[in-house]
Amino acid sequence: MIHKSDSDTTVRRFDLSQQFTAMQRISVVLSRATEASKTLQEVLSVLHNDAFMQHGMICLYDSQQEILSIEALQQTENQTLPGSTQIRYRPGEGLVGTVLAQGQSLVLPRVADDQRFLDRLSLYDYDLPFIAVPLMGPHSRPIGVLAAQPMARQEERLPACTRFLETVANLIAQTIRLMILPTSAAQPPQQSPRVERPRACTSSRGFGLENMVGKSPAMRQIMDIIRQVSRWDTTVLVRGESGTGKELIANAIHHNSPRAAAAFVKFNCAALPDNLLESELFGHEKGAFTGAVRQRKGRFELADGGTLFLDEIGESSASFQAKLLRILQEGEMERVGGDETLRVNVRIIAATNRHLEEEVRLGHFREDLYYRLNVMPIALPPLRERQEDIAELAHFLVRKIAHSQGRTLRISDGAIRLLMEYSWPGNVRELENCLERSAVLSESGLIDRDVILFNHRDNPPKALASSGPAEDGWLDNSLDERQRLIAALEKAGWVQAKAARLLGMTPRQVAYRIQIMDITMPRL
């Protein structure tokens with residue numbers, strides 16, 4: 001007993017001694033601060049060398065763009081981690097985004113156990129603890145986040161480590177307010193200068209690689225391809241089922257490319273008939289046709305110097321394909337009704353959900369255009385092939401929906417498990433629609449299994465197609481969810497508890513669905 005107590009005291013004294021030394025050195029670093037970025041990096045070095053806190057990270061919040069950017073990151077072997085300075089978080093996103101949104105410290109005994117852990121840096125040790133604390137600014141509002149990993153997994157030390165980091169965060173926040181905030185605050189927000197962009201240009205916020213959700217091998221590979229292809233003007237063909245996020249990929253490529261400051265213009269090739277396509281893409285001169293009362297630039301001119309995203313390219317006609325091929329080959333075009341040849345410098349990103357090789361074989365798609373577009377193909381996997389991403393996607397989308405609805409939303413683990421049992425024929429778009437519908441139905445703000453409704457009749461979740469009843473042959477797989485519920489109730493003699501057992505659900509779930517699906521219960 002006495003030996004154990006002495007040992008514990010020694011450890012505590014060692015911790016306090018190291019923390020005092022580290023705090024003293026951090027105070028010296030901050031007192032001599034002249035350059036914010038360099039100063040913050042020095043603070044993280046002290047945390048690593050003197051306080052045994054590895055992978056330190058300091059993020060600062062830009063309230064105008066509503067993003068949390070990495071300002072300093074503990075370097076490995078004195079080398080900057082690739083892409084780390086481009087990674088950003090929104091309030092409520094990931095662990096650091098959660099700390100910013102809540103303004104409270106977050107302590108995890110094992111970082112990988114928390115489903116909010118995004119691991120975008122591919123840096124952290126999954127088995128070690130993780131601590132993130134807010135940098136508090138004026139009026140008790142967070143202006144950033146300090147995060148680090150203790151080098152040892154000693155849970156009894158976590159409270160002391162957290163208090164230490166909170167003290168360091170207070171010192172950092174005070175220095176940042178003195179060095180950075182007065183400059184940006186000198187001008188009222190409403191008077192801040194605005195940079196006018198072309199109307200066709202989409203804001204880059206929300207389209208960086210940091211906003212692509214998914215840690216599956218397939219998504220990691222796609223992110224690597226985007227990083228590589230973004231640097232060049234190579235034509236890209238994005239392929240994937242409807243709802244997989246092809247436009248998001250195109251946006252990410254553009255906004256991470258040297259053309260990011262120019263326009264990103266999108267055009268759906270299936271949205272207009274042939275007689276309007278040419279005018280829409282190439283523009284027209286005044287009087288070129290009835291109703292052409294003025295000259296109008298087409299999408300190619302609007303995208304000059306930037307990127308043109310041609311969605312649903314597989315739906316285009318032979319006539320359209322011929323005109324498109326010419327401009328891809330020569331970089332030249334004329335407006336409808338004009339004779340002046342215009343040169344444009346445009347990067348093309350096309351997208352399709354069709355099997356273009358088969359379309360070429362059938363003569364529906366030009367072979368020469370296919371080879372022009374298919375320089376760098378990117379194939380997006382359907383959501384059913386990356387189920388490990390569903391939980392992260394669900395949390396991401398719930399935060400997005402909560403922001404749009406102006407309220408707090410949460411999703412339960414049970415609801416996540418139910419989502420993972422569904423094969424999502426509509427992919428991410430269907431998942432987002434499902435969660436938005438569930439949020440509307442949830443009065444408490446908790447999205448639980450009870451409020452999740454699927455709308456694809458050919459693809460019921462396993463909870464509605466359990467193996468037991470299916471063996472009896474009573475459940476017709478062609479029925480939609482409402483029809484399945486009625487069939488189960490009829491088989492159970494309209495006893496809700498029995499119907500719930502048949503469907504692998506709880507009686508509460510059955511009762512809720514009866515109400516929202518407007519099923520009339522017979523009087524027994």
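Any Cβ shown, glycine's included, is placed from N, Cα and C.
Annotation comment: Swiss-Prot describes 496-515 as DNA-binding region.
The ATP binding site feature in Swiss-Prot is assigned to 240-247, 303-312; the stated evidence is sequence analysis. DSSP assigns LEU310 (ATP binding site) to a strand.
Annotation source Swiss-Prot lists domain 'GAF' at 35-176. Confidence in the domain 'GAF' (35-176), given as mean pLDDT, stands at 83.
Annotation comment: Swiss-Prot describes 212-481 as domain 'Sigma-54 factor interaction'.
As annotated by Swiss-Prot, region 'A domain' applies to 1-182.
Sorting the region 'C-terminal DNA-binding domain' (482-524) by DSSP state (H, G, I as helix; E, B as strand; all else coil) yields 28 helix, 0 strand, 15 coil. The region 'C-terminal DNA-binding domain' annotation in Swiss-Prot covers 482-524.
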Structural state census, the domain 'GAF' (35-176) (DSSP three-state): 55 helix, 40 strand, 47 coil
Set of same-chain residues at least 6 away whose C-beta sits under 8 angstroms from LYS246 (ATP binding site): VAL238, ARG239, GLY240, ASP311, ALA351, ASN353, LEU380
LEU310 (ATP binding site): tally of other CB atoms within 10 A of its CB: 22
